[in-house]
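S.K.: What TrEMBL lists as active site, 4-aspartylphosphate intermediate is 564. The feature Mg(2+) binding site is assigned by TrEMBL to 564, 566, 1012, 1016. The feature ATP binding site is assigned by TrEMBL to 564, 565, 566, 686, 727, 750, 787, 867, 868, 869, 986, 992, 1015, 1016. Feature annotation from TrEMBL assigns compositional bias 'Basic residues' to 23-32. The feature domain 'P-type ATPase N-terminal' is assigned by TrEMBL to 177-242. Taken from TrEMBL, the feature domain 'P-type ATPase C-terminal' covers 1038-1211. Per TrEMBL, the feature region 'Disordered' maps to 1-34. Feature annotation from TrEMBL assigns transmembrane segment to 438-459, 496-516, 1078-1099, 1105-1122, 1151-1169, 1181-1202.
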């Protein structure tokens, strides 16, 4: 950390005149490379090509755009004054920085470091501004500007991109927060209090509100309508109480469950709201309950305490204003993140002075990765960004205390706004089930019409005999005595009543209970998937997660898998391997301990300063490069090497965490202790690059909001950070503006090669040679599967610096279109750069990836890899993970124009005899599709060499399997779907989603997308099934997914085992429910036809209710959860068994119709066999009905028992116990056969007595 005193010698203040501008002639630029002082070295930067999930490359010239459309926002500042002193913290704070190792090589050499000091505090505020500007906002702004050079297709892509991803509100009406004045803040604007309420109900509204919510389900409305019809005397089929029982039972059980869950939420809310925090009241911090905190109040949070609201950080115990927070409760990430208090407010806090001012911020929104605001303090406008806000639910770590002002409270906090669940998906099988349910509805209507028409015809035929027929006599009989008179409504109405009564009798033909049964079965399936120890990742301590319970069975029908590469197929643990500096390639290796280097004593002495710092994973430097850095005292190559590593150490957002530990062994000669550094950041690429810089002598060991401190070969170098432009998917690069102690200002840039080579200075002939050599090294690195980055830098003249500072300050303080203005500002300085070199980072494959991909391919699943990396890198990874195999013939499509794409596709289709429409038609369709689905992928790679690689393959058609590698503005059509493997390179996040959507629209196959980063979210949400990897890039992919796991290899077991089981179980469950209901209804239908269409039932009321609720439903649930047609070992050993899901063997239209035919003959047997067996007996109608009930329950459960593939204790006990229960309930009613009246003749009399009950 740093103190308010200069760490080093005083540098010139910011108010000092800027150095005279240097002419921008290319041949003068090398003069800076000849200066020995590091302060004038040309820094550089690097952006990982892993983040090259970029949208559009070089869409527009932002500098020209700025000149044409100057955009400034000048708000009237609200003056803020310093009021009374308050107990923010100690009135005097003395900070002692740790003594740094001052050992220097004892030899005469030119000093590499020129010391610098702390710049003016007012300019220190303009430092590290992490804007987090998303490219989509910039893109949406560009739509409105007149840019003739921008292609129309790009504008459409940007517009759709903004519509799909932009969830940020417009800031025309910003929120005003008066610091430390909650009354003024809330009286005027009536902001939400900090009390949260996650419960749905209160004691008074529970019953009506719960019933209202439950009756949103169509199933409950159906049951309610049936029960209401049964209450009418002419339509009464069952007893009135009995008819209400199923509905009341379901409503009661659901209400009890909802009430218990809501009671738990009430208890949790009460505990949360009654927690206490220190709030500034009457010049001192006093405890106050969370629920009483208001916007505008100043709150103090101590170490390890939870933040009660969303607050703008005003100050910390650290003079630099830095605070460490853990966001695990918010986004699941365990690594620490840094937040900064502005120096304007942090200084006042440390002095114990109260702060008064106004914060103008955006309205509450769900985006936890962005915050746009500015603060009016003492007449000065101070920009605020995401790096200045701490969110509710996070914890303060490694920081003694932090003080902030509440800007969002209660329901307005980002944590509460993100508590809503994402929309759920519907499984494919459920969609088919709904189609079959419509057919069952048709059957129901047909049966009801048959009964109604039969009743009408029967009444017409016996119209003259109605007064004498027992069923239609004028008086009801109750217990053998005459009761009330029966009202006859006439043939038309009686026919209509018969139709409605038939619906009541046949109601279970529509399997409404099936949806509830499926939910219970899916819940049980999820329990066993979560508990599967074979899908537990010990390295990340993460279990399998079922985040969606609606699509378990879809896992058994996946045809296409769309996978990200970085962090999904690879470990996302970056290791620095190679570098290209000034046209020469060097190699480094990783080891857990220092290795002996073949270097002389002079270099060893110079490296002593580097050994003070201890990294988790040590890098063994390249001896030749170390000699170049520490021994050779002249040459542009040596100076460029120093600039190269200085850029790696400075151009990033990595935070160093220092830990002092004693030295032992050989390190004891260096001093009493050494310092361990843990670099923490959101990008593993940046962590690897900073660690590499430290290995070569440039150790970043301190970062604040305004400066960084680097140990350059044992000597401290303080660099003032004037501004930072983060990486985004449009620019595809990152830049930082640094002031060196000598006063020299440089811009350091790192980015993907496609975005960097177009902004280099083209004026010097020697640069062509360096660029050519570097490009060759990049191609070599990519072919080895390494991730490449390009490093560049340049000096800023005084005029450029002043112009940039004006634009940067305006952009950072803007609440509208901040990202557009930041893009324009970055374009002003990201030009005419000097190429320093490139880096190559290794990202190793995850364990078991090749085996998993091979098994998935054997299962008939096509695996596509969608990555932002270069084509060569993607091909290399494809070969190493066995995605590309020797038997696959590669078709490389890489064109920059329509004619090139037309020729490549035409040649490929002709050569491999892919049947499709004409090539011209395909090109036209693709262009049209690209405009909608954003499938055009700009690329700077020339197609000529790749086309030559393609046509160099042996001529003639081939019958072997194909692999397609797509790059550039390539067109994806029938050729892609004919290939087993497809690699898409240089694709942006929305283009990934577009490719998935293209396959979903063109085919009926099921798609699965798997990824680990925020750039995979759109793809995961677009696919039928989304799987998130708990990786190194946060939890955004997991939060957007349907299922989550720790490693890609678990996908093999998830699909081949659990997917197969779940599909087979759910498919059988649906067909069995159709079967058991149809058998029962058809048996009743035959009975009604034999009883003069009287719509009465021979079954007892409770038997009809328990049939679908208990007797046949419980065994179905058990079988749906536990049944296994094959063991997991068999399924894993023979992946081709998974193809049963592709063929829809467990559920299809043919099986549905076979099931219906099966129910037809079984119902006939169930009804007529007992009928003719007991036709001459004295058995009464209720005993006969019990016999039919026992028969149907036994037949249905025996049908289930014969279909069970794997019997276990639970299944056997469940079936036998329910059969015994049913027989005990109904068996006593069955009498032995005897001679009596013909049963059919006696039915009407029984019916009459039944209706009178």
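Please read every residue number as a count from 1 along the shown chain.
Each Cβ is built from the backbone N, Cα and C atoms, and glycine gets one as well.
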S.K.: Test of understanding: applying the rule of at least three C-beta pairs under 8 Å (pairs 6 or more apart in sequence), is the transmembrane segment (1105-1122) touching the transmembrane segment (496-516)?
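M.R.: By the criterion, they touch.
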S.K.: 10 Å Cβ neighbour count around residue 986 (ATP binding site)?
M.R.: 30
S.K.: Using Cβ atoms only, state whether the transmembrane segment (1181-1202) and the transmembrane segment (438-459) have three or more pairs under 8 Å that are 6 or more apart in sequence.
M.R.: no
S.K.: Could you pull out which residues elsewhere in the chain have a CB under 8 Å from any CB of the transmembrane segment (1151-1169), counting only those six or more residues past its ends?
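M.R.: Counting only partners 6 or more residues beyond its ends, the transmembrane segment (1151-1169) has Cβ contacts under 8 Å with 436, 439, 443, 1071, 1074-1075, 1078-1079, 1082-1083, 1085-1087, 1188, 1191-1192, 1195.
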S.K.: Tally the residues of the domain 'P-type ATPase N-terminal' (177-242) by DSSP class, grouping H, G and I as helix, E and B as strand, and everything else as coil.
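M.R.: Tallying H, G and I as helix, E and B as strand, the rest coil: 36 helix, 2 strand, 28 coil.
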S.K.: If you measure from the CA of residue 564 (active site, 4-aspartylphosphate intermediate) out to 10 Å, which binding-site residues from the list 727, 787, 1012, 1015 are inside that radius?
M.R.: 1012, 1015
S.K.: Have a look at the binding-site residues (566, 1015) and report the one with the fewest Cβ neighbours inside 10 Å.
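M.R.: Minimum Cβ neighbour count within 10 Å, taken over the binding-site residues 566, 1015, occurs at 1015.
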S.K.: Measuring C-alpha to C-alpha, could you say which of the binding-site residues 566, 1012, 1016 are within 10 Å of residue 868 (ATP binding site)?
M.R.: 566
S.K.: DSSP three-state call for residue 787 (ATP binding site): helix, strand or coil?
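M.R.: Strand, per DSSP.
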S.K.: What's the CA to CA span in angstrom from residue 727 (ATP binding site) over to residue 1012 (Mg(2+) binding site)?
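M.R.: The Cα atom of residue 727 (ATP binding site) is 19 Å away from the Cα atom of residue 1012 (Mg(2+) binding site).
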S.K.: So if I measure Cβ to Cβ from residue 1016 (Mg(2+) binding site) and keep only same-chain residues at least 6 apart in sequence, which ones fall under 8 Å?
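M.R.: Once residues fewer than 6 apart are set aside, residue 1016 (Mg(2+) binding site) is near 564, 568, 989, 992, 1009, 1010, 1028, 1037.
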S.K.: How big is the gap, in Å, between the Cα of residue 1015 (ATP binding site) and that of residue 566 (Mg(2+) binding site), rounded to a whole number?
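M.R.: Residue 1015 (ATP binding site) and residue 566 (Mg(2+) binding site) have their Cα atoms 11 Å apart.
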S.K.: Just how spread out is the ATP site if you go by the largest Cα to Cα distance in Å among 564, 565, 566, 686, 727, 750, 787, 867, 868, 869, 986, 992, 1015, 1016?
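M.R.: Between the most distant Cα atoms of the ATP site, 24 Å.
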